[in-house]
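Structure first, then comments.
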């Protein structure tokens, strides 16, 4: 590989300001930053129409900026070997359970959306609490040396659990809680606005994990019935793609939880399915179903992940957090 390509790869791995994009002067850069576009990567993953609307810049100007950003970052066809190398460099966060980590291919990955869905009490929120602590660990211990954003749509966040999980890992609970940015989302519009704001917030605050617990609850409550289904799915689809762009632009792990509903047409096997239909079924890179078992035991099963084999494991929820089951 040429020195020029090596330089491009090195530059694309870190934070590069929009001011470094060829053809972007100070006045245009000011408009981009005011609209929340701080890095070249945030420009690359943006839609031209959306970027023009938010900045007030002409569409043709915006298209040229996006084109220049892509050229600067060397975004073009890659060999399968280059894709492999990029995959090997993706960050992973431990769940606290070795068996669950193995099921996930080494932990919860950056640059993708991981969905945990299941019935009430299946462990979705417990995993989210654990991940928001574990992301702060060093890479040697399964973390990313980063901070977490926790978007709570149902009021299930509990600082007491964070404290207990931090102490179990020998961490200072106050320092751990200082590194978790919490926001309560009160409706779907507020939820969408929070995610939009993260394009500015994430790079400024060393955030490596974004949690949305849960992604569908507001949409489900605000758009009931078949007459609102199309509008709900369109809005949810746009929201999920914004989360995907966030994960890819800033190399963060995005974790969403989801509820389940009964399927009256299923007479054999598991009669439940995740809320959100085809829109949510196709967007997350990894989908994990959680089920209750005896006592504090929970079962996790890979439902959809292109790089993972099908399988399931048992883990437990203890006072200290997510841990391996003795059965594993």
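Cβ atoms are placed via backbone N, Cα and C, with glycine included.
Taken from Swiss-Prot, the feature ATP binding site applies to 118, 119, 120, 121, 122, 123, 124, 125. Contacts of residue 120 (ATP binding site) defined by a Cβ separation under 8 A and a same-chain sequence distance of 6+ are given as none.
The secondary structure of residue 122 (ATP binding site), as reduced to three states from DSSP, is coil rather than helix or strand.
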